[in-house]
Amino acid sequence: MESQIRQNYHHDCERAINRMINMEMFASYTYTSMAFYFSRDDVALPGFAHFFKENSEEEREHADKLLSFQNKRGGRILLQDIKKPERDEWGNGLEAMQCALQLEKNVNQALLDLHKIASDKVDPHLCDFLETHYLNEQVEAIKKLGDHITNLTKMDAVKNKMAEYLFDKHTLGGQS
């Protein structure tokens, strides 16, 4: 049954929103995996764990906003299976940050693709929603991860575990 409130909301936009919800949930799931990897007793980097847990919560909030938007526009929510993260072990902090950067770039590209669909279908509400709540935030997240990667690389944190520990404690605020 078609929604009585639906207006100028193309079915391609509706389908793309459902795919984006899944991608945000996948990102949240991946960050949850990272967070609990870094809080293991044999890894014990609480700053990394906290950083990735916060990212997980943020991605979940993004999915929730999309779910609400879908309902406000009269679309239908069609949830899909959430894919398991590519890995179970995340290695060192630098490696995990590099994986997180790629994940954020993938999410950003999906948002840009969604914006293009909205623009092509002349949906100013969806364009405004994405511009207001997502696009700039993605660029900021990518920049922050890039900065962390640069600093971990400069510190040679892969070979120097003390540098990784200090980054965890002082940059990410880890409490030992």
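Cβ atoms here come from the backbone N, Cα and C positions, even for glycine.
As annotated by Swiss-Prot, domain 'Ferritin-like diiron' applies to 7-156, with the evidence given as sequence analysis.
Within the same chain, residues at least 6 positions away in sequence whose Cβ sits under 8 Å from that of His62 (Fe cation 1 binding site) are Glu24, Ala27, His133, Tyr134. The Fe cation 1 binding site annotation in Swiss-Prot covers Glu24, Glu59, His62.
Per Swiss-Prot, the feature Fe cation 2 binding site maps to Glu59, Glu104, Gln138; the stated evidence is sequence analysis. In the three-state DSSP assignment, the secondary structure recorded for Glu104 (Fe cation 2 binding site) is helix. The number of other Cβ atoms within 10 Å of the Cβ belonging to Glu104 (Fe cation 2 binding site), over all protein chains shown, comes to 22.
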Glu59 (Fe cation 1 binding site) and Glu104 (Fe cation 2 binding site), Cα-Cα, nearest whole angstrom:
10
What does the structure give for the C-alpha distance between Gln138 (Fe cation 2 binding site) and Glu59 (Fe cation 1 binding site)? Integer Å is fine.
11
Let's check the environment of Gln138 (Fe cation 2 binding site): how many other CB atoms sit within 10 Å of its CB?
19
How does the domain 'Ferritin-like diiron' (7-156) divide up by DSSP, counting helix, then strand, then coil residues?
114 helix, 0 strand, 36 coil
